[in-house]
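Q: Feature list, courtesy of Swiss-Prot:
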- Glu59, Glu84, Asp111, Asp133: S-adenosyl-L-methionine binding site (BINDING)
- Asp133: active site (ACT_SITE)
- Lys137, Asp169, Thr206, Arg207, Tyr208, Glu209: substrate binding site (BINDING)
- 139-144: region 'Interaction with RNA' (REGION)
Amino acid sequence: MTHPQQPHGPLRSFGRLKSRPVKPRQQALLDTLLPQIAVPTAPFQPRDLMPEAQEVWLEIGFGGGEHMAAQAGKRPDVLMIGAEPFVNGVASAVRHVEEQALKNVRIHEGDARDVVGWLPDASIDRLFIMFPDPWHKARHNKRRLVQPAFVAELARVLKPGAGFRFATDWADYAQWTVERVLADPAFRFADAEAVRNAPPADHVTTRYEEKKLGDCAPVFLDFVRI
């Protein structure tokens, strides 16, 4: 069963959409390459985007695209779908796709919740949410991406046994996420080392992570869809 685009109300889970002018080369890629690799803006079957894909992975809020591109490069047999509302991040990501000649990346420039709403049930094999906007002030917590209703939507689109990795460098957001994800009976911790500060073996460090803007060392959380 597919779900149509859902209204999100006035609350955005992300901040400003553009911080600086896009470089001419990146703008050219936004104009030419992005339309070729864009995700449909309506309910779709991921396998139609890459019929030969062995798995389908989703990264929500890919920032500059370093992590997404690196994961896609290591697994050319995987269709990597990424969603990012920040124009500069999308511009950086399409540059990575072009420079690395990646054929297995598809991008949505906009709210990831739309993509999740368009996906069929049990269609995603692995999910990444890496260092999302923390909205660390208490009065802004309601804007955080990880909310019970969204966790339920993630449970809908993830296959049984699918992995879900979340990373943050804000201690409160790590605890917030653990509480809300595990409150959904569809999820459990992946293993005894599901909460860690040391980067997992397959992690790719990003420029945002290196800036150390949070209030703690990075926390990596690994969940499994039951």
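Glycine residues also receive a Cβ, built from the backbone N, Cα and C atoms like all the rest.
Have a look at these and tell me how they're positioned relative to everything else.
A: Asp111 (S-adenosyl-L-methionine binding site) has a Cβ environment of 21 other Cβ atoms inside 10 Å.
Arg207 (substrate binding site): 10 other CB atoms within 10 A of its CB, across all protein chains.
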Q: Glu84 (S-adenosyl-L-methionine binding site): which of the binding-site residues Lys137, Asp169, Tyr208 is the nearest Cα neighbour?
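A: Closest by Cα: Tyr208.
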Q: Specify the nearest of the binding-site residues Glu59, Asp111, Asp133 to Glu209 (substrate binding site), where nearness means the distance between Cα atoms.
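A: If we rank Glu59, Asp111, Asp133 by Cα distance to Glu209 (substrate binding site), first place goes to Asp133.
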Q: On the 0 to 100 pLDDT scale, where does the region 'Interaction with RNA' (139-144) sit on average?
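A: Over the region 'Interaction with RNA' (139-144), the predicted model scores a mean pLDDT of 90.
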Q: Where the distance is taken from Cα to Cα, which of the binding-site residues Glu59, Asp111, Asp133 turns out closest to Tyr208 (substrate binding site)?
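A: Among Glu59, Asp111, Asp133, Asp133.
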